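The next block holds one structure in the form of structure tokens; read it before the comments.
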Ligand SMILES: O=P(O)(O)O[C@H]1O[C@H](CO)[C@@H](O)[C@H]1O
Ligand SMILES: Nc1nc2[nH]cnc2c(=O)[nH]1
């Protein structure tokens, strides 16, 4: 990112202070809702919600299926903050803007991030409607120097060279699997590698084949920058991809993906995902006492 895109510690603090002055909630968990998954916030009790346009310093959502609201509330007694709508690089936001909320959440006291997205599958064994627990990611834009941590490092948030191995918390992944088993939905739960591409176009067949060869299980246009920034400032991370379409890998296949179909499949699995996230948040500290 260029220096004009740099956001100062005071900028993040100003937004955090404004939010702290507007709500009594003091969240420990942040949830980012993927495309069409905004209903994850509906489970929150005692809600305080803010339109992004009313929050000082916040970017604006421009994508259909991303409402543009920050919702605070309780999930089974745990205080959460939920982004109903995220920011994508393809909307024209710098990666500092895309990830702005994460550092604000850190200043609010959040220590765990649950990130969700809609994604297309490359893995042959996956089906539309599957839920993929993210084991790891490939930050493709990062390879080309598009990384939210580029620029002067703010040591108050984290180190210059943060490790990214094991970034998706092992205990939370295991807990999620156990919850899926007890919910009786294991048959459509997978674990795999998510790859972020820049978008906004979907993949060509050659690109899809390349990603498949690289070991990518699901592809989307978000998540990696948010996870990098959350992990940099010490948050524990858990991620879910909802498989909304199978990425076309054959020149004999004339199917074409579109955003409306992505939103439709998100709706289909909304209840299961809401239950899974609620259970995960409620049982988190059984596994790990930091939440
Ligand atoms: O990653 P989320 O925000 O869930 O959205 C995914 O769905 C949209 C494409 O339909 C893209 O924005 C892609 O990244
Ligand atoms: N890049 C990409 N993003 C998606 N988001 C939802 N489905 C897809 C897909 O097939 N490709």
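Glycine is treated like the rest: Cβ placed from N, Cα and C.
Among 35, 182, 186, 250, the residue that TrEMBL places alongside 66, 86, 87, 88, 118, 222 at the phosphate binding site is 35. A strand conformation is recorded for residue 118 (phosphate binding site) in the three-state DSSP classification. Reported as a whole number, the C-alpha separation between residue 66 (phosphate binding site) and residue 245 (purine D-ribonucleoside binding site) equals 19 Å. With a cut-off of 6 Å between Cβ and the nearest atom of ligand 2, the binding-site residues 35, 118, 222 reduce to 118. Annotation for the binding-site residues 35, 222, 245: lowest Cβ count within 10 Å of the residue's own Cβ, 245.
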